[in-house]
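Reviewing the structure listed below.
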Amino acid sequence: MERWSINESAKVYNLDNWGADLFSINKKGNICVHPSSNSKNAIDLRALVDDLIKRKIKPPILLRFMDVLQGRIASINRVFRNAIAENDYPAKYQTFYPIKVNQQRQVVEAIASYGKRYNIGLEVGSKPELVAGIAISTGNGLPIICNGYKDAEYIETVLFATRVGYNITIVVEKLFELEKIIELAKKTGIRPSLGIRVKLSSKGTGKWATSGGEDAKFGLRMSEIMAAIKMLQEADLLDCVNLLHSHIGSQVTKIDKIKTALIEAARIYSEMRKLGVNIQYLDIGGGLGVDYDGSKSSYFSSVNYTVEEYANDVIYQIKNICDEAGVDCPNIISESGRATVAHYSVLVTNVLNTNTQNLMPDYEQILEEMEKPAPTVKKLLDIYKSIDRYSLREDYHDTLQLINEAVSLFNLGYLTLQDRAIAEWLYSKIIKKINSIVEKIKPIPEELQNFQLALRQTYFANFSLFQSIPDSWAIDQLFPIMPLQRLGQRPDVMASIADITCDSDGEITSFVGENGRSKFLPMHKLKKDEDYYIGFFLIGAYQEILGDLHNLFGDTNAVHITFNKKTGYMIDTVINGDATWETLKYVQYKGPEILKHVRDNLEKQVAIKKVSIEESSHFIELLDRTLLGYTYLGE
């Protein structure tokens, strides 16, 4: 067997660049997760999955590593505190978690608990999120910021929540909202805590660049800010404004765009302070990105800066502008949800099968027994036997021409089905032989660089792309994917990953590779009776809540895990994935009614002796078991 090391696997999957020192490969060749960056403690993911299956927790399984979540919260706050100290910044930093990034109750509760020492807050953007935020903050005084569109009921709820002791700030997104706020504040006699969202001319970069700029969906233009100040003065509520908010989009890939936005926001803050608006907080919104592909570039799946650089620029730019303007520096708020939760969850699942030709007939034997192969088949066979490095280009082009010719002749009725099957088999053999030669040639001829797509095998995995990783399908987001095991062995298959939905879009064909974006995922040949698992990493932000019920595949099993020095890990919580009856209920089917309808029909079939009692009973038993079972595939 060809020598291969775990270091070579780490390089192939670019692990060291996207893993943020939270993932590594152990001596067994299994990928591990660490509770914090550079920690020596680790959990072997393959061993963990084996243990979970023994506990009857079936894949796909969403693994939530709560120590990683805690570490990310601590890390972001630490780098900001360091930046404050280095720049002698006279105010404080505070992080607010936008719960839209991952609204799962257990996740938000954990963030609230871990973040208490940092005075973490919650950002909400709708009435349901407001109610969730109030529930989480009850008893612990967590501050809440309300963004998004608001109606009278929303505003009144916030006002009375403020009246009974909750620390909630309403951010004004539009002037008509401010009119409602002023009206309800006067009606209830409750003075609100207010923020104003400004529409910066600065834009971000990447997929969400339109969140900033003059055409942004939210925020007040400069003329509208002046109008808002006048409205608040006339209502005697100007002193209620204590926050200025801006946001140029999620996953900002370029640090220079962030700097430009910070300067503009700080200038607006300074001018508003000079106008007598006693703003205490400058909320710079989200945008702190995640390096999904490890390229450290301005590509939309990466960022060209570190968290440390981001924090230093935030503190420096704001302090510089405020000192220049002669105004007090504000307390700084950021809403860095993606950077907080992306790393803490991993989806693991099993590979079910591949589209390899292992089950194909022995065409070599068939060819030997054929008296006179079809001319097209004969030409392909001759190429296969004679190909070498000196005839690669010509043979490759001839092969493409001949396989197209075989299809045309078949459609015209001049080739049999067996002839076409043999032609396809020979085409595959020729491409593999070319590949074995090309791998030894440097540089690879340009016209041969993309031919490897013909070698790409499809690995079918037990998951729904639309449910678990919707951004991969919707916006072509890259997420790191790699096997959990056999990483001490050379991967010998170039693969794509297909899910189990009945949709051709349910396939991943772009991957994080050694040299950037790749059309292949290196995988190992499947062994008989071996369970082969893959992991989807950095999926903690947005994926769970954006997932849909395509083909009625529901939520996966989820497990909350913490590290334990004695036992390696502890399972804190197991959240069962959706059963079939639950996903059917979403679309207005009821399990008991289904069973009754089918049973009534079966009884009629039994009565006329078309179906036996035993067959009827067994079918109902199977149907009932399916309704109660996991929506994903078993053995």
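Including glycine, each Cβ sits where the backbone N, Cα and C put it.
If you look up Swiss-Prot, you'll see Leu282, Asp283, Ile284, Gly285, Gly286, Gly287, Leu288, Gly289, Val290, Asp291, Tyr292 marked as substrate binding site, on the strength of sequence analysis. The 10 Å shell around the Cβ of Ile284 (substrate binding site) contains 24 further Cβ atoms across the protein chains shown.
Taken from Swiss-Prot, the feature N6-(pyridoxal phosphate)lysine covers Lys100, and the record attributes it to sequence analysis. Using a 10 Å Cβ-Cβ cutoff, Lys100 (N6-(pyridoxal phosphate)lysine) registers 19 neighbours.
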Secondary structure of Lys100 (N6-(pyridoxal phosphate)lysine) (DSSP, helix/strand/coil): helix
Spatial neighbours, same chain, of Leu282 (substrate binding site) - Cβ under 8 Å, 6+ residues apart: Leu243, Leu244, Ala265, Ala266, Tyr269, Ile318, Pro330, Asn331, Ile332, Ile333
Cα separation, Lys100 (N6-(pyridoxal phosphate)lysine) to Gly286 (substrate binding site) (Å, whole number): 12
Secondary-structure category, per DSSP, in which Leu282 (substrate binding site) falls: strand
Number of other Cβ atoms within 10 Å of the Cβ of Leu288 (substrate binding site) across all protein chains: 25
Packing count at Val290 (substrate binding site) (other Cβ atoms within 10 Å of its Cβ): 23
Ile284 (substrate binding site) and Lys100 (N6-(pyridoxal phosphate)lysine), Cα-Cα, nearest whole angstrom: 17
